[in-house]
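First up is the structure itself, then whatever we jot down about it.
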């Protein structure tokens, strides 16, 4: 197998070259400053033995080996744990252990020595040599260039002057796209989901650093103040009590939900580094956990309302139908934040702006905050908002235009699902667009792979004698391989 080093001046596009290869081919990718959730306990990583790490014996002697966390920053919160260099060593060891049972993969590494002091360089070099025996490696470095150049089979030079061309092993003017295509080879990593991954998710997401405890304390504080503020309320203040409780549920759930964007970014990079088996599975688990937390908050909201309103003898507030109603209303207010935070690539700012639109529109168009008011024609928009139907479940509130009582809960549930329905429709359209785009790219890819330039580049970058393990004979003719074999191997 081969080791290829990409070189060039700062700003010439070395990292961009790696990212483009990564986009064209599903491969393992370690970024220069790779993110892992900082509250992960190193010893809890499934199918990983940290004992081989060069600094781990110190933690064993200090009896911290079972509790030390990865460390770093998430959502602006720094957490003490491993240093930046130690995290880079952890990634290398994790990569080494996860890939040694497979072969013929492409491993991309951006700045392998970033943040690592000189005494740990031999460890990284040794891991590179061992992984290279089974896998093709592409990397970028500005440190210890001479050592890697001596190890390298190929050198790709990129330039900021002409980004459409690269230099390969001294050969000038090579088409960049064709080089990306030639580099995008190898098998995909075979994920094997098991019970350990589920156990790992639970251990990490319910740890003291994950935010669950802080949000729980915030919920207890907020609804405790709610009870103190509205206790002994007079009849006629029911509307204020319900609005206050609903707003509290929204704002107490927000701190946990708003960190989903950062969580998603970290999760993507963890998957690229093979920390766990499935990005989709972890997203679904996180979404389920968030909805469960919302259910608990709604349960607390309902209980606190019952305490405050119980003295008023308002039996309609304690019905199970009313609990279901405010649960789905809370889902309507917050589901957009969950969907956009976990299942898109939007920035945190865009997620917060677009994700809070349902809550904003509900204030203006559900007539909850302005009963009976509004311009004719616009007022009819209230039928799209679940909050409107929550108030319709309380006949004494006198909300106008309510449906028949036996249909109110059904309409409430249907209106609360409008946002996820629109999101699924959008994702389906996006899938169709991407599918069509990928189909066209695949046609272009297949055409390019039959060009002589592609075959020649693959011969130069990945000599077949190295691929088949014939170290004594490096000629294509003697190894019995022909041009068509390149297409079968890498196409």
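Just so you know, glycine gets a Cβ as well, placed from its N, Cα and C.
Segment annotation: TrEMBL labels transmembrane segment over residues 409-429 (candidates 409-429, 430-450, 451-471). According to TrEMBL, the feature transmembrane segment maps to residues 322-343, out of the candidate ranges 168-189, 190-211, 322-343. Matching 119-138, 139-158, 239-258 against TrEMBL, the residues noted as transmembrane segment span 239-258. Record note: among 289-310, 355-376, 377-398, 289-310 is the stretch given as transmembrane segment by TrEMBL. Checking TrEMBL for transmembrane segment across the ranges 89-106, 215-232 points to 215-232.
Away from its own ends, the transmembrane segment (289-310) comes close to residues 205, 212, 215, 219, 223, 226-227, 230-231, 233, 238, 241-242, 245-246, 248-249, 252-253, 256-257, 260, 317-318, 322-323, 326-327, 330-331, 334, 338 of its chain (Cβ-Cβ under 8 Å, at least six residues beyond either end). Long-range contacts of the transmembrane segment (322-343) within the same chain, counting only residues at least 6 positions beyond its ends with a Cβ under 8 Å from a Cβ of the stretch, are 246, 249-250, 253-254, 257-258, 260-261, 263-264, 283, 286-287, 290-291, 294-295, 297-299, 301-302, 316, 350-352, 354-359, 362, 385-387, 389-390, 393-394, 409, 412-413, 415-416, 418-420, 423, 427.
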